[in-house]
Amino acid sequence: MRRRQLTARSVRVGHATVEKFPANVIRNQKFNIITFIPMALFEQFKMFLNLYFLVMATSQFIPELRIGYLYTYWGPLGFVIMVTLIREAVDDVRRWQRDKEVNQQKYKKMTPQGGQRTITSANIRVGDLIFVEKDQRVPADMVFLRTTEASGTCFIRTDQLDGETDWKLRVAVPVTQKLETNEELFTTDATVYAEKPQKDIHNFIGTFTKHDTSTEESLSVESTVWAGTVVASGRLLGLVIYTGAETRAVMNNAAPRSKVGLLDLEINNLTKLLFVAVLGLTVVMMLLKGFSGPWYRYFFRFMLLFSYIIPISLRVNLDVGKAFYSWVIHRDQDMQGTVVRSTTIPEELGRITYLLTDKTGTLTQNEMVFKILHLGTVAYGTDTFDEVSAHVATFFGKDSGSSGQAATSTPTRMRRTVVTRVGEAVKALALCHNVTPVYEEGVNLALEEGEDIQVAHSVTYQASSPDEVALVKWTESVGLPLVHRDLTSLTLRTLQGKLVTFTVLQIFPFTSESKRMGIIVREEATGQVVLYMKGADTVMASMVEYNDWLEEECINLAQKGLRTLVVARKVLTQEQYTHFEQRYTAAKMSVTERGSRLAAVVETLECDLELLCLTGVEDKLQTNVKQTLELLRNAGMKIWMLTGDKLETATCIAKSSRLVSSNQGMHIMGSLGTRREAHLELNALRRKSDCALIIKGDALETCLQYYEHELMDLAVQCPVVVVCRCSPTQKAAVVRLIQRHTGKRTAAVGDGGNDVSMIQAADAGIGIVGKEGKQASLAADFSIEQFQHISRLCLVHGRNSYKRSAALSQFVMHRGLIISTMQAIFSSIFYFSSVALYQGFLMVGYATIYTNFPVFSLVLDHDVSPTIALTYPELYKDLTKGRSLSYKTFFVWVLISVYQGVRGAHVWRDAAFRGRVDPRVSISFTSLILTELLMVGLTVRSWHPLMVVAQFLSLAFYALSVIFMHYFDWEFIKSKDFFWKVLVITLVSSLPLYILKFLRRKFTPPTYSKLEELNTFGSSSLTQQHP
């Protein structure tokens, strides 16, 4: 189907649109009723193994190729496909139910007659006027026209869109908000122009034109509410401009890549080897038999007979095992709240070499605490904030009319200067922000004068940045609380209980590009117009008047791990502001390049600012971050920190979290603009050894442009790498670079929407449920609540999952190899006949009820206890080498299978001459079952009660089937001849392997067994010393 061209649009308010737009339907299903069977089967049979078995099973419909009952082939294949289809169907039905729930949500649509009609979300069209109630999801992208809030504003929650938990302020279009009734919208001749649909959720360009009065107003993102957000206050009326696939939320939904674990890739390679073995064995048998007669029929029959070498039950056992590992992780009481969202890759947690982590909210708590107010000549810390309170009280006492009293209480000019500077700085912090106080009662009772109103009525602060909330909470603690905010005004309360009101004239919001925010206010009492600005020192340093302390103090605060903000102001005359407003309004009306034009106008004010203060805010480290990083480093993981924060803060957090040790050298790559600079920096790094690499995002881009291989070769040798000023796309790019250059497994940890791309690019994505919302945890393969849980997730559960799946997969292969070896010997003895060794249900039962319970019980096995795994993290290093499942271990199991198959088939030596086959079948099959059960016991490293139950359950099933299904001659089964021959064959097949295992553990014990013994010995020694 041809994709619709995305275009800008003009929507008339109150009129249906003629142009066709996408339906407002959310659809996340993979199938529908018609496509489910063909598409689901195609997904299954495009896998080599399933296609191979389909061909084998289908061949049984041809009489000349049939070698047994149909169910011996179609039973296992049908079971595998049925389980998969049921799982796909259940998942798709759940997706359909979730989609239906969203699509069938009811909304009120305004009609031309002035009434309201209830419609479903799926029936909403572009141009509709839709009411959205408080706590209701916004169904489509809309322009915000009216609200029940008197201020003309409302709050929305965007955590499901951008991952941020803080509320966002949205402003209704002033022209429509001023209308007396909603019905007037239909009589108003107005048009909304909207840019073409795009992914950017933080920007919007549009205009609102009222034709009858020739009024035109610019529309920005503050005039919109995007689909997927939730109205947090009031009731709003919006005009739908984008629906369905053209909404911001749907356009940002990129399907994550399908992740395949390294273990699955290794097993896939081994199955290819097994397929080659099937072909090789078939060719050998045909060479010995001779290519005479209908040789192609015999060739295919031999392939069918040896097809058990590639066990179809392997995929089922592994999938069920993965689901079990996920269940165990979810149930672990030591890491409560952990959720496994991808059950296909738990083994990846046991193979991690590179751990890439975000900083804010991941290593740190994203909990900001105001620590320092620096004025240049004097600094105030937590111990001296009471002095700040006194200065603020004096400053506002003077301002409120008691200036004579203030003068007498400040005997020297220096004293008065400090009071003024502190007062202006605190006032700037109390005004320059986007914070709104919200009261529990829902009404702003704080507008009454009085000192205890905020204490009596609990207040919470809502803002898009926790830094701003920390600043406003601090101004409240020193006696200048923010008590009210709406679209046009801000109100502060002094310690004397007096309300000081400011009119908001303009707001310049913070962006990642500008790295600053500003506000222009007019104080109602004096009429003074002031521009306040705060931002990063890198951009503010060039805007403030000359000083000799800012740069040095910024570095000092950053070294202490504090986030710094430079605060400045500029007093404007009325003429200056009027001239600025005219140019700013003209820039806002432009449809093309609006952002750059607005920035150019604002920049005319951003010069010669009066520097007020420098603030330092601490972002606390997460619980046990230092110990967790140390543990992971000892486990052999190389840790990279990728953050959007500035270089100084990133370096400081790297040191405070002990990611970089105190005695470790650091090589810092600042801004690199040319190829020559990049070349010199890389040469300098090459001459250093065992040093941490700290690199900025732009320097990374420059190096990758010219010297990608050289940079990666050096970076992977560094014990720690910190990338600062790193964008979300750069984070994902770094993950892919490591994967491409090293081939090692990566894990990415983050907590915010900006970490999603990195999490999805990594082999194992770990999301932390944090203050920035749940977007990262929802997109991740594993969701945890604390960073410290990563050590247990990888070192314990990753280890167990990998070890168990490695043992399980090799044992299932062994089970197929041993019976195929016996089949080859049987066919050789009987003149290369292509006849099945075991007929009917025996073959099905062998891979299911007779042996599967003990074999699958290997998912309960473990080599070391969780305590040992966490106490000796060095054990993890062996896992990354892949020694539990390798070509070496595979060929060892092949040798064991051939040996046991030959021993098991030894009973057929005289069968060709005596003419009695049935007794030999009963002896060989019974010894085969017992050998498999004993081999499980040989493989197990720590017995679980359910393993014992599984062993006896399998024996019971086999005994009952022998008694009631009459496979064998019952008289022979009861004879001594049967018992002693079964016993001898079983002992000859298994006893040598038990002896080898004993000798190996005696003379070359594995590391984990030494540690277990050491731990047991240590515990018993302590018990004896302290009876």
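Glycine is treated like the rest: Cβ placed from N, Cα and C.
Each residue in the domain 'P-type ATPase N-terminal' (19-74) has a pLDDT score, and their mean in this model is 80. For 19-74, the entry in TrEMBL reads domain 'P-type ATPase N-terminal'.
Residues annotated as transmembrane segment in TrEMBL: 69-90 (among others).
Taken from TrEMBL, the feature domain 'P-type ATPase A' covers 111-248.
Tertiary neighbourhood of the transmembrane segment (273-292): same-chain residues 48, 52, 298-299, 302-303, 306-307, 309-310, 813, 816-817, 820, 824, 827-828, 832, 890, selected by CB-CB distance under 8 Å and a gap of 6+ residues from either end. What TrEMBL lists as transmembrane segment is 273-292 (among others).
According to TrEMBL, the ATP binding site annotation covers Asp358, Lys359, Thr360, Glu468, Phe510, Lys534, Arg563, Thr643, Gly644, Asp645, Arg725, Lys731, Asn754, Asp755. The Cβ of Arg563 (ATP binding site) has 24 neighbouring Cβ atoms from other residues within 10 Å, across all protein chains displayed.
According to TrEMBL, the feature Mg(2+) binding site maps to Asp358, Thr360, Asp751, Asp755.
What TrEMBL lists as active site, 4-aspartylphosphate intermediate is Asp358.
Among the features that TrEMBL reports, domain 'P-type ATPase C-terminal' is placed at 778-1005.
What TrEMBL records for 885-902 (among others) is transmembrane segment. Beyond its flanks by at least six residues, the transmembrane segment (885-902) meets 263, 266-267, 270, 273, 805-806, 809-811, 813-814, 817-822, 824-825, 931, 935, 989-990, 993 of its own chain at Cβ-Cβ distances under 8 Å.
Summarising the annotation, TrEMBL assigns transmembrane segment to 922-940 (among others).
Beyond the ends of the transmembrane segment (947-966), by six or more residues, the same chain brings 841, 845, 849-854, 856-857, 860-861, 926, 929, 933, 936-937, 940, 973 to within a C-beta distance below 8 angstroms of the stretch. The transmembrane segment annotation in TrEMBL covers 947-966 (among others).
Annotated transmembrane segment per TrEMBL: 978-996 (among others), in sequence order. Counting only same-chain residues 6+ beyond the ends of the transmembrane segment (978-996), those with a CB under 8 A from a CB of the stretch are 896, 899-900, 903-904, 906-907, 919, 922-924, 926-927, 930-931, 934-935, 938, 972.
Beyond the transmembrane segment (69-90), the same-chain residues lying 6 or more positions past its ends with a Cβ under 8 Å from any Cβ of the stretch are 30-31, 36, 40-41, 43-44, 50, 53-54, 56-57, 60-61, 304, 312-313, 315-316, 319, 839-841, 843-844, 847-848.
Asp755 (Mg(2+) binding site) sits 7 Å from Asp358 (ATP binding site), counting Cα to Cα. Here the binding-site residues are Asp358, Asp751, Asp755; the one with the fewest Cβ atoms within 10 Å of its Cβ is Asp358.
In this structure the alpha carbons, written CA, of Thr360 (ATP binding site) and Asp751 (Mg(2+) binding site) are 8 Å apart. Summarised by DSSP class, the composition of the domain 'P-type ATPase A' (111-248) is 22 helix, 53 strand, 63 coil. Neighbours of Thr360 (ATP binding site), defined as other CB atoms within 10 A of its CB across all chains, total 26. Annotated pair Asp751 (Mg(2+) binding site) and Asp358 (ATP binding site), C-alpha to C-alpha distance, rounded: 8 Å. In the structure as shown, the Cβ atom of Asn754 (ATP binding site) sits within 10 Å of 24 other Cβ atoms. Secondary structure of the domain 'P-type ATPase N-terminal' (19-74) per DSSP, as helix, strand and coil residue counts: 31 helix, 0 strand, 25 coil.
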